[in-house]
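Mind having a look at this structure? Questions to follow.
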Amino acid sequence: MKRARIIYNPTSGREIFKKHLAQVLQKFEQAGYETSTHATTCAGDATHAAKEAALREFDLIIAAGGDGTINEVVNGLAPLDNRPTLGVIPVGTTNDFARALGIPREDILKAADTVINGVARPIDIGQVNGQYFINIAGGGRLTELTYDVPSKLKTMLGQLAYYLKGMEMLPSLRPTEVEIEYDGKLFQGEIMLFLVTLTNSVGGFEKLAPDSSLNDGMFDLMILKKANLAEFIRVATMALRGEHINDQHIIYTKANRVKVNVSEKMQLNLDGEYGGMLPGEFVNLYRHIHVVMPKEKAEQLDD
């Protein structure tokens, strides 16, 4: 019998997963999985639980939570030689990674069905400073809002909490001097932010990295150069439509490796969570983890 381990964050997404847990377990049992669960209790717990489950040779590990929970599970699996297949049940606020995979984000039971009936494909992940990420890494004051927003506010307001925090931060945004090397090229200058992405879905923007691929061995690198408040707002508005990539303030390109040096303190954002401080070198790990996705999405990757 196949064995599945569900690692879930009991506080994610208005604490809704706990209410559906019995039904989710029933679905997996009916699909032929011997299924057990682990409820996370603190930061880093999902990483430890994922590593432990992998060493116990579970066939499938399901991360049920937000992008931060998925990131922790990936960090438990990525360093191992034998990595179980990863399934995702999105229960967070933004759910960027699930959006990129085409996994239902509004219905936990439909997401569970996708994990059961979907297809596993190997996808790229990123590594920087000994840590792993599966969706996005970045730096710049605005990228910090994803972990500056209190958990209780996210639980109450959902995505709106991020918009409110972003509006609050806008007047205080200022550029930072950086040096960014990417595949033999060099950018030196002041930036508002930079993003190293693996999917097209970033911070709820579905077209921020429109050329991204889950399995091409390349990051999408986006650099927003120094801009005043009006220019910044204009670029952000264009980003909703994916039209920002041709703007004069934007560098948008593909890269397998990205090295960032900073002249002043800059925090590192990994999948929406605090990832320490820069500098850092971002390395793309080609098709490193098998992830379950809808059959239609898998067919797109196969083309």
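Each residue's number is its place along the chain shown, starting with 1.
Cβ from N, Cα, C; glycine included.
As listed in Swiss-Prot for this protein:
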ACT_SITE  GLU273  active site, proton acceptor
BINDING   ASN9, PRO10, THR11, SER12, GLY13, THR40, GLY66, ASP67, GLY68, THR69, ILE70, ASN71, GLU72, THR93  ATP binding site
BINDING   SER213, ASP216, MET218  Mg(2+) binding site
DOMAIN    1-132  domain 'DAGKc'
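Walk me through the surroundings of each of these features.
Under the three-state DSSP scheme, GLU273 (active site, proton acceptor) falls in the strand class.
According to DSSP, ASP216 (Mg(2+) binding site) sits in a coil region rather than a helix or strand.
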Using a 10 angstroms cut-off on Cβ to Cβ distances, just flag whichever of GLU72, GLU273 is the loneliest among these recorded positions.
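Fewest other Cβ atoms within 10 Å, among the recorded positions GLU72, GLU273, is found for GLU273.
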Just jot down the residues in the same chain as ILE70 (ATP binding site), at least 6 apart in sequence, with C-beta under 8 A of its C-beta; none if empty.
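For ILE70 (ATP binding site), the qualifying residues are ALA63, VAL88, PHE97, ILE134, ASN135, ASP271.
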So what's the mean pLDDT when you look at the domain 'DAGKc' (1-132)?
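Within the domain 'DAGKc' (1-132), the model's average pLDDT equals 94.
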Quick check: of the recorded positions listed here (SER213, ASP216, MET218, GLU273), which one has the Cα closest to that of THR11 (ATP binding site)?
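The answer is GLU273.
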How big is the Cα-to-Cα gap, in Å, between SER213 (Mg(2+) binding site) and GLY66 (ATP binding site)?
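For SER213 (Mg(2+) binding site) versus GLY66 (ATP binding site), the Cα atoms are 21 Å apart.
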